[in-house]
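Novice: One structure, pasted below without further comment.
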Amino acid sequence: MPKVVFHYFGAKGWARPTMLLAYGGQEFEDHRVEYEQWPEFKPNTPFGQMPVLEIDGKKYAQSLAISRYLGRKYGLAGNDIEEDFEIDQIVDFVNDIRASAASVEYEQDAANKEVKHEENMKNKYPFQLNKLSEIITKNNGFLALGRLTWADFVFVGMFDYLKKMLRMPDLEEQYPIFKKPIETVLSNPKLKAYLDSAPKKEF
């Protein structure tokens, strides 16, 4: 079995590829870098970003690329390129929602931030979230293919961050179907030991 190290800051973050490692039964070192250590660690990463997945000494980066790789490795990808296409498009769509909300929340001008947030609450988020709800409903509580895929792990890993960026602490109450993939992933017995020991600090 390869030596695997997952490098990230001392928080849950989003996407959480570690859940996929746990699902795959992969033993790994969960290396947490404190923020004061980051300037020293940063030059040793592929792109100066976190997270980093290290396999037998070689380092790889980008949350979604890592998740896609692990999904393929552990049987959570499509059975052909069209099924992979379906998974990729929904992952990109969920990430678009995250990115659009985050761009507003990280706006430095407070007044402009509120204007953009109100605009998105009126014109963007309802369409995006309703569409996502429709897709999960169509897929019987999963994000793609009507079965468990790595897209579900990305969605669940991102969900708390998404609620924060959208300013919707009751997001799963507004869209109850969102609870389905969350319950499916978090109740998986393969993840229990990892989830019990995983960082609780959010971001």
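Including glycine, each Cβ sits where the backbone N, Cα and C put it.
Feature table excerpt (Swiss-Prot):
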DOMAIN    1-78  domain 'GST N-terminal'
BINDING   TYR8, TRP38, LYS42, GLY48, GLN49, MET50, GLN62, SER63  glutathione binding site
DOMAIN    80-203  domain 'GST C-terminal'
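Walk me through the surroundings of each of these features.
Specialist: In the three-state DSSP scheme, GLY48 (glutathione binding site) falls into the coil class. Counting every protein chain shown, the number of other Cβ atoms lying within 10 Å of the Cβ of GLY48 (glutathione binding site) is 11.
A mean pLDDT of 94 is what the model gives for the domain 'GST C-terminal' (80-203).
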Novice: State the count of C-beta atoms found within 10 angstroms of the C-beta of GLN49 (glutathione binding site), not counting that atom itself.
Specialist: 11
Novice: Run through the domain 'GST N-terminal' (1-78) and tell me, per DSSP, how many residues are helix, strand and coil.
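Specialist: Secondary-structure composition of the domain 'GST N-terminal' (1-78): 27 helix, 19 strand, 32 coil.
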Novice: If one looks at the chain holding TRP38 (glutathione binding site), which residues at least 6 apart in sequence have a CB under 8 angstroms from its CB?
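Specialist: Sequence-distant Cβ neighbours: PHE9.
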Novice: Using DSSP, tally how many residues of the domain 'GST C-terminal' (80-203) sit in helix, strand and coil.
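Specialist: Its residues fall into 94 helix, 2 strand, 28 coil.
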